[in-house]
Amino acid sequence: MNESVYEKNTWQWYKDVMRSWLEDPGVEEYGGLNLTSLNMDQAYMIGVSDRNVGVYSVSDDCFRCPFELQKTLEAGVESSFVVSTARRATWRVYEDVSSQYMSAGNTTDLICQLRPELGQFGVYTLNVSGSGCDVRTDKEPVNIYLPLLLVLAVLFGIWILYGLGKLITSRIWRTGKLRYGDKELAIQQRLRALDTFRGIAIVFMIFVNDGAGGYWWLEHATWNGLAAGDLVFPAFLWIMGVCIPLSVKSAFAKGIPRWKILLHILRRSIMMFLLGVSLNTMYGSNMLGELRIFGVLQRLAVAYLVAAGFYALTAPKYYTPPRGACGQAFKDVLSCVWCWALVGVLVAVHTSITFIVHHPDCPAGYLGPGGKHDEWVAPECSGGAAGYIDRLLLGDAHLYQNSDARRLYGGPPTDPEGILGCVTSAVQALLGVQAGATALLQRSHRARASRWLAAALALALAGALLAGCSRDHGLLPINKNLWSMSFVLVTTACSLALLSICYTFTDVWRIWGGEPFRAPGLNAIALYVGHSVCGHLFPFHWRIPHMRTHSVYLIEAVWGTALWVIIAHIMAKKKVFITL
C-alpha cells in the first residue's frame with residue numbers, strides 16, 4: 001500500500017514538473033475563471049472595492065505616458081479583468097473616476113499607487129478599501145523561463161554530441177580533402193572568426209524575426225533602450241565594414257583597377273537595395289503608391305556604398321607605415337585617416353540635422369516617438385528630425401506602418417530604417433573598416449585582440465556617456481529606430497567584444513571551428529533572403545490550435561532557425577556560396 005502511494009506521488013511529481021516546463025497552469029478553471037482563454041503573458045485580476053473607483057496602469061515600456069484606464073470597479077461588486085504581464089507596470093486607483101487617461105501629475109482623488117509583481121496565467125485580487133490598496137496572489141503564475149532553459153540545455157547537448165561525433169569521424173576517416181571542397185582554399189585565407197561572427201548574427205537575426213519565443217528582451221526595444229535583438233542588425237552591418245579592407249586589398253593584389261572595384265561596389269549596392277525593396281512587398285503592399293522604400297537590405301546597401309566606395313577611393317594600393325615606434329604602433333589607424341575624417345563629417349551632419357531640422361509645429365531636437373509620449377507633448381512629431389525627413393521626402397505611405405512604437409504610443413509612422421539613420425549606419429560601417437584594417441595590418445594575435453577590446457571599452461564608455469547611463473534621460477538615448485550615435489557606439493563595442501571572443505577561440509587557440517555558425521556565415525545573404533521569402537511557409541513555420549505559451553513559440557522559432565542552419569551546412573558541403 002505504501003509502495004503504491006509512493007509510486008502515485010512520484011508520478012504526480014513528474015507530471016507537475018512537466019507542466020511547469022510546458023507552462024501548464026495545471027487547471028483549466030480557477031474560481032470560475034477560464035484559464036484556457038488567456039494568451040501568452042496574460043493573467044486575471046479580480047477587483048474588489050468598497051467604493052466606485054477607476055483602476056489605471058502604465059507600462060514601464062511606455063516612457064512618460066499617462067495612466068490608462070484598465071477597469072472601473074463598482075462598490076461591493078466583484079469583477080475580473082485580464083492584465084498584461086509582459087512588462088512590469090505601475091498601477092493607480094482613483095476614486096469615482098472613469099476618464100480614459102489620467103496624467104501622472106494628477107493626484108486628485110488618488111487612493112493608492114502600487115507596482116505589483118504579476119506573472120503569466122496567475123490569478124490576483126486587488127483589494128481597495130478606506131485604508132488603501134493591496135494585491136493578493138490567489139493562484140501562482142507559471143515560470144515562463146523554464147522552457148528557455150530546457151531548450152538551451154538541449155541545444156547545448158546537441159552541440160556537444162555533434163562536436164564529439166565530428167572529432168571521432170575525423171580521426172577515423174581522415175583524408176587530404178578540403179572540408180567544403182575546392183572553394184574552401186580561398187575561404188581559408190581569411191579569418192574564421194569573420195564567418196563565425198557573421199553566422200552568429202544571421203542565425204540570431206532569423207531567430208528574432210521568427211518571434212524569439214515571445215520574450216520581449218530577446219526582440220527589439222520599443223523605442224529607447226537596448227534589447228538583445230537590437231544587437232543583431234548593427235552587428236551584421238559592422239562586420240560588413242570589417243571585410244571591406246580585406247576584400248579591397250585582395251582586389252588590389254590581383255591587379256584589378258580601382259575604377260572596376262568602385263563599379264563592383266556600386267553594382268552590388270544597387271542590387272542589394274532593389275532586392276530589399278522587393279522583399280518589402282512580402283509583408284507589405286505591392287501598390288506602387290504604397291511601396292516601402294527603405295528596409296534592412298537597403299540600409300546595408302547605402303552603408304556599404306559609402307564605406308566601401310570611400311575606402312576603395314582613398315586607400316593606397318601599397319601602404320607604407322610611417323617610421324618610428326608610434327608609426328608602427330598606429331599604422332592601422334593611420335591607414336584609415338581619411339575614413340576617420342569622413343566619420344567626423346558624417347557625425348557633424350547627423351547631429352546638426354537632428355537638433356536643427358524639425359517640423360514647424362514640433363520642438364527642435366525632439367527625439368521621442370510622438371503620440372502619448374510625455375503626455376502628448378508632441379503627438380505628431382514621431383521620430384523628430386528623422387521622422388520629419390522621411391515623411392517629407394518619402395511620404396507616409398512609403399514608410400513602415402506597423403512598428404511597436406506606433407502601436408504603443410500612437411502618432412504618425414516612423415521608419416526604423418529611414419533616410420537620416422543611413423548616415424550613422426555608414427559611420428558604423430566605417431568603424432568596421434577600422435577593425436578590418438587592424439586585422440589587415442596588425443599581424444600578431446595579441447595586437448589584434450587587444451586593440452579590438454580596447455576600442456570596445458572606449459566606444460562603450462562614450463556611448464554610455466552620451467546616453468547618460470540611462471534609458472531615457474541622456475543627451476542621445478540609445479535608440480535603434482533613430483540609429484542614434486549612442487546606439488552606434490554601444491552596439492559596435494558589443495560587436496568588437498564578440499569578434500575578439502570568436503577570434504580567440506577559432507583563430508588563436510583553434511579549439512573551435514566556428515560550427516554551427518560558420519556555414520551560415522558563408523551564405524548570410526542567401527539565408528536572409530530565403531527566410532524572408534519562406535516567412536509563412538511550412539516546414540519553416542507552423543501553427544497549432546492553441547499557441548498561447550512561450551514554450552510553443554520558442555519551439556517553433558528554434559525549429560525554423562535550425563532548418564536554415566541545416567540548409568546552410570548542406571550548401572557549404574555542396575560548395576554553393578551565393579553572394580551579390
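Using the three backbone atoms N, Cα and C, a Cβ is placed for every residue, glycine included.
Caution: TrEMBL annotation is automatic and unverified by curators.
These come from TrEMBL:
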- 190-315: domain 'Heparan-alpha-glucosaminide N-acetyltransferase catalytic' (DOMAIN)
- 144-164: transmembrane segment (TRANSMEM)
- 197-217: transmembrane segment (TRANSMEM)
- 223-244: transmembrane segment (TRANSMEM)
- 265-285: transmembrane segment (TRANSMEM)
- 291-313: transmembrane segment (TRANSMEM)
- 333-357: transmembrane segment (TRANSMEM)
- 418-440: transmembrane segment (TRANSMEM)
- 452-470: transmembrane segment (TRANSMEM)
- 482-505: transmembrane segment (TRANSMEM)
- 550-572: transmembrane segment (TRANSMEM)
How many helix, strand and coil residues does the domain 'Heparan-alpha-glucosaminide N-acetyltransferase catalytic' (190-315) contain under DSSP?
95 helix, 1 strand, 30 coil
Mean per-residue pLDDT in the domain 'Heparan-alpha-glucosaminide N-acetyltransferase catalytic' (190-315) works out to 92
So, taking each listed stretch (197-217, 223-244, 265-285, 333-357) in turn and counting its Cβ pairs to the transmembrane segment (291-313) that are under 8 angstroms, which one gives the highest count?
265-285
Between the transmembrane segment (197-217) and the transmembrane segment (265-285), are there at least three Cβ pairs closer than 8 Å, leaving out pairs fewer than 6 positions apart?
no
Taking the transmembrane segment (333-357) as reference, the highest number of CB pairs under 8 angstroms among 144-164, 223-244, 418-440, 482-505 goes to 418-440
